[in-house]
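Peer 1: To start, I am sharing the structure in question, which I have written as structure tokens.
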């Protein structure tokens, strides 16, 4: 029996015979010798990348409905897709999410940053994967991590003074966040291309602990009636864990919770306040839920990101009085933040988002969190299956994530990633739904690329602006 929720399956050789998989890759796609002996850290210093082509393109996809949280509202996805092709013919894809309602960024700025990084990679001589990732860290610096992969804060300031960033004129803090998002997209594309080159799925590259994960589904801030409608829909679809966005209005949040409980009384709850509450309000919500005999499995980012004292206070009350775990999301922006959380005992779950810390930053945080006994959550911003697929492989490969929140592709009204996974509704006695990722055949398209490490095609269509 799989954990409660919606499951994603990433096939890797040997492939179970029950899955609908092709017997070979499409003839037009490059093949590579399959091996199982490579690990990510080993590859960073032993695999040589020679970038032949690299580009960033707009990735625009409408949402089914506006996505509202305590701090912002999003009506459509306007992200950046990044494609990198190596001289061996193998290509990889990445994605950088753009959230102008959260920070002072836009798609044009992200595309300019992606173009700078892609141009550098194309003009550079062949180098190891680790060297390429370090170079990207220099071009797109972010928060300082205790890793040789990332540049120092002094270097960050130096690049901030460059002509490019004077032209862009973004606030320094927002520039750093956008650097990280674009860098994460470039890192994904490079790593994906390498995985394709050696012919193994990304989940095996990241350890191969598992090839299955189970995600929750998010209900944004909305009216009680709409929340109940969504909860009923997700119940019928088999979702067991609902992530409820709260933090905008305490009484309204409680009304929504009550409405959901009426239509789906046995669901599991994650509360995500996105910094919306004060510490007193967060504790009041927990008390009200206790009176309703509801115990969330997780309370995510209850207070403002810089309210460390409030975060610690909510965590200790939630843990000791109500038995509820507390996750740091917006408060966890760097490895230094993770260490502060550990040293001051401020939370017991860390939410890792690749767009927030980069792929290399995520690996650093995983290592420290595991050593410190913290539980891990993997989430995303509002991204397509391109970025969510990479995050899913990483989580499955490491096998150490207790909470999985990779549902945003389900919230999109269109899908630019074709045939990456297919829904197989396997209703068991408790109505769980299994969602398999499979290497399946797709209809021919003149402008499509196959990337086997993710098990999906990526098709240039109307989602891409020429």
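Cβ atoms are placed via backbone N, Cα and C, with glycine included.
What TrEMBL records for 224-318 is domain 'Mandelate racemase/muconate lactonizing enzyme C-terminal'. Among the features that TrEMBL reports, active site, proton acceptor is placed at 245, 353. Summarising the annotation, TrEMBL assigns Mg(2+) binding site to 272, 300, 329.
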Peer 1: Tally of helix, strand and coil residues over the domain 'Mandelate racemase/muconate lactonizing enzyme C-terminal' (224-318) according to DSSP?
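Peer 2: For that range the per-state counts are 52 helix, 13 strand, 30 coil.
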Peer 1: Rounded to a whole angstrom, what is the C-alpha distance between residue 245 (active site, proton acceptor) and residue 272 (Mg(2+) binding site)?
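Peer 2: Checking the Cα atoms of residue 245 (active site, proton acceptor) and residue 272 (Mg(2+) binding site) gives a distance of 5 Å.
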Peer 1: I want to check the contact list for residue 300 (Mg(2+) binding site): same chain, sequence separation of six or more, C-beta distance under 8 angstroms. What comes out?
Peer 2: 243, 270, 271, 272, 273, 274, 326, 327, 329, 349, 351, 377
Peer 1: Counting other Cβ atoms within 10 Å, pick out the least crowded of the binding-site residues 272, 329.
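Peer 2: Among the binding-site residues 272, 329, the lowest count of other Cβ atoms within 10 Å belongs to 329.
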Peer 1: Going along the chain, which residues six or more apart from residue 353 (active site, proton acceptor) have their CB under 8 A from its CB?
Peer 2: 329, 378, 379, 380, 381, 391
Peer 1: Neighbourhood of the Mg(2+) site (272, 300, 329): other residues with Cβ within 8 Å of the Cβ centroid, in order?
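Peer 2: Going along the sequence, the neighbours come out as 270, 271, 273, 274, 298, 299, 301, 327, 330, 351, 379.
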Peer 1: What mean pLDDT score does the domain 'Mandelate racemase/muconate lactonizing enzyme C-terminal' (224-318) have in the model?
Peer 2: 96
Peer 1: Just to be sure I understand the packing, how many Cβ atoms besides its own are within 10 Å of the Cβ of residue 245 (active site, proton acceptor)?
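Peer 2: Other Cβ atoms within 10 Å of residue 245 (active site, proton acceptor): 24.
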